[in-house]
Amino acid sequence: MHNTTKRVTVPALEEILYEPIKVLDHGFIRVIDYMGDDSAIVQAARVSYGKGTKQLNQDKGLINYLLRHYHTTPFEMCDIKFHIKLPIFIARQWIRHRTASVNEYSARYSILGNEFYLPEPANIASQSAVNKQCREGDSLPKEGAEKVLAILEEDAKQCYGHYKELMNADEDGNIIDENNTGIARELARMNLTLNYYTEWYWKINLHNLLHFLRLRADPHAQYEIRVYAEKMLEIVKAWVPFTYEAFEEYRLQGANISRKGLDVIKRMIKGEKVTHESSGMTKREWEELMKIFG
């Protein structure tokens, strides 16, 4: 039977629906479903004052205005659902964004697959001396990176072997030793390392997705979550191109400047030589402001 729909569809998104987009070594993102497009945002905004459909350039201008002035409700009219496979340690960071509906693969009911994440040597670096939550920019020497990878792989394989031994079952659920009862899956899973992969369905509205992407596609975000965010940016661009363009203009490539920062800029425009000491800003604020202006 031929399927028909009266709802808005986006051809560029229909093309990738259900298709896995590879991320990291064993991860992926799949678009499972979506609701709305750029026109749904415009429709929601215009109902506030009863105006009809406008020209595309006016729609684009309205979306720019809404995003620029932090109007949020119209963007909440669009939803998207993803199927995502990701390392457990990234899932725990990801779930800090509490504005999505999530259902995760349960290692209480099922046996977790034998797939774990190993970083590329170029992404193995020491702890930053400046930022307490991230790595340095320079990679470890080849020998150091190889040692790290060997330890990570050995630990993951050993723990998965013990995981199966504790359950007395292989990854397909087959009994290993008929004379051993094993322990419950909900207990055996505690021994697995955090680089093992989990999966979940993640449904979120566009407003909250953009907030997630603003933080996680940022160069300061951890590499392993940033690569997922970068793939999602490509999906958003295909789904809502006007919104993506406005988001890139006002959020990704734009900047928020404090009152003191604006005062510094005004003084500089007038020809005054402003220094950190005379700015009234903290060292970090001053450095961030100077970075904005190159």
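Residue numbers in this text run from 1 along the chain shown.
Placement of Cβ uses the backbone N, Cα and C atoms for every residue, glycine included.
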For the feature motif 'ThyX motif' as recorded in Swiss-Prot, pick the matching range from 96-106, 129-139, 173-183. 96-106
Site-mate of Arg96, His97, Arg98, Glu104, Asn205, Leu206, His207, His211 for FAD in Swiss-Prot, selected among Thr73, Thr193: Thr73
Can you find which of Arg68, Arg189 Swiss-Prot lists as binding dUMP at the same site as Gln93, Trp94, Ile95, Arg96, Glu104, Tyr105, Ser106, Ala107, Arg108, Arg216? Arg189
Between Glu104 (FAD binding site) and Gln93 (dUMP binding site), how far is it from one CA atom to the other, in Å? 14
For the motif 'ThyX motif' (96-106), DSSP counts of helix, strand and coil? 0 helix, 4 strand, 7 coil
Distant-in-sequence Cβ neighbours of Gln93 (dUMP binding site), under 8 Å, six or more positions away: Gln222, Ile225
Taking the Cβ of Thr73 (FAD binding site) as the centre, how many other Cβ atoms fall within a 10 Å radius? 13
